[in-house]
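Have a look at the structure below, then the notes.
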Amino acid sequence: MNFVEELRWRGMVHDMMPGTEELLAKEQVTAYVGIDPTADSLHIGHLCGVMILRHFQRCGHKPLALIGGATGMIGDPSGKSAERNLLDEETLRHNQACIKKQLAKFLDFESDAPNRAELVNNYDWMKEFTFLDFAREVGKHITVNYMMAKESVKKRLNGEARDGLSFTEFTYQLLQGYDFLHLYETKGCKLQMGGSDQWGNITTGTELIRRTNGGEAYALTCPLITKADGGKFGKTESGNIWLDPRYTSPYKFYQFWLNVSDADAERYIKIFTSLDKAEIDGLIAEHNEAPHLRVLQKRLAKEVTVMVHSEEDYNAAVDASNILFGNATSDALKKLDEDTLLAVFEGVPQFEISRDALAEGVKAVDLFVDNAAVFASKGEMRKLVQGGGVSLNKEKLAAFDQVITTADLLDEKYLLVQRGKKNYYLIIAK
């Protein structure tokens, strides 16, 4: 499998330094992608870089994932208009361990193969590096003129950020350049890959290697992922879509991919899955014949959810989706954990009832008309119940005055009322 050709048909090449393809054709290459460790989970904004490493390893090359412990303590001017918070070492090590666990779902760290993946942290070689070392081994090789010419620096200096550009952030490209030099010298790493906004920082590294060692190193960047409508990829109203289920439930994760537009699904299935070209071309053709069936979105959501979470989590997410949009049973509803239940019914009207009152038993008509405004009147409710149009926890309400107790609660806390086909209400016992 040819790595560059694989990335090209997937739309994952933005810039590539001349000679990169020739290098990859003649030897097993070691390359790295940098990962920001400011959180203890990756989010889907990291996935393009991770998938590049995955394809790289599948093509027989050796991937390094570099945790930017030292650089993460500083900040990067290439895309952030504001400086980042600093990390302490304990937090950094915790975040690193969590991130490696997530990366292990994409990369082989464990085998004895010569191209097994490695995780490195630039804090390990920067923490003892003095300012005098830095000035002598890095600073003297790169001119300020060279640094000022970088697009990311120009933007900050030209007033895009009110606070200007600190010296710390200005030197970021030298620190990242030194990472490349260090990995070149210690790991034989000849290629750095990253998002297109990193081109300036990466080429500082190739320049540093050339000027200090007379060595040849290379750069490859992928496009920044966008949405067809111009919106920011990977962000929702509630923030990032995280890989850690503590921050984004598998159900919400699955729903994110399921709900992308047709145009985005066609691009994302190439970038975020390992499906081969023939299969993806077949899926696109099938989708174009019947877009309303959302074949691409369903397959994309399945592949990414299984890869990041598990087959079991994927099946649970599908079942949860069917509760809202299909003919699910009360048994399926009862299987939902509290987080998924709340995620599925996010935004539906909510009402509260006293747990004590419910323990004694409350007639449905009193609960749904007087306590919770599910119905405007008892007459309206009676008519709908008689027509089989009212359900409690996905079971048809048997009678207008059916008694509801704490035994009916889901997760010992919730009652789900459905009026007609599409109107849901959540009653919370407190």
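FYI, residue positions are counted from 1 along the chain as it appears here.
Every residue, even glycine, has its Cβ placed from backbone N, Cα and C.
A helical conformation is recorded for Y172 (L-tyrosine binding site) in the three-state DSSP classification. According to Swiss-Prot, the L-tyrosine binding site annotation covers Y32, Y172, Q176.
Secondary structure at K235 (ATP binding site), as computed by DSSP, is strand. Shown in sequence order, I241 are the residues of the chain, 6+ apart in sequence, with a C-beta less than 8 angstroms from the C-beta of K235 (ATP binding site). Summarising the annotation, Swiss-Prot assigns ATP binding site to K235 and lists sequence analysis as the type of evidence.
Taken together, the residues in the domain 'S4 RNA-binding' (362-429) have a mean pLDDT of 92 on the 0 to 100 scale. The feature domain 'S4 RNA-binding' is assigned by Swiss-Prot to 362-429.
The motif ''HIGH' region' annotation in Swiss-Prot covers 37-46. Summarised by DSSP class, the composition of the motif ''HIGH' region' (37-46) is 3 helix, 1 strand, 6 coil.
Taken from Swiss-Prot, the feature motif ''KMSKS' region' applies to 232-236.
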May I ask for the residues of the chain that lie six or more residues beyond the motif ''KMSKS' region' (232-236) and have a Cβ under 8 Å from a Cβ within it?
43-45, 225-226, 256
Can you tell me whether DSSP puts Y32 (L-tyrosine binding site) in helix, strand or coil?
strand
Per DSSP, what is the residue count of the domain 'S4 RNA-binding' (362-429) in each of helix, strand and coil?
20 helix, 23 strand, 25 coil
Q176 (L-tyrosine binding site) has how many other Cβ neighbours within 10 Å of its own Cβ?
27
Let me know the largest Cα to Cα distance in Å among the L-tyrosine-binding residues Y32, Y172, Q176, as an integer.
17
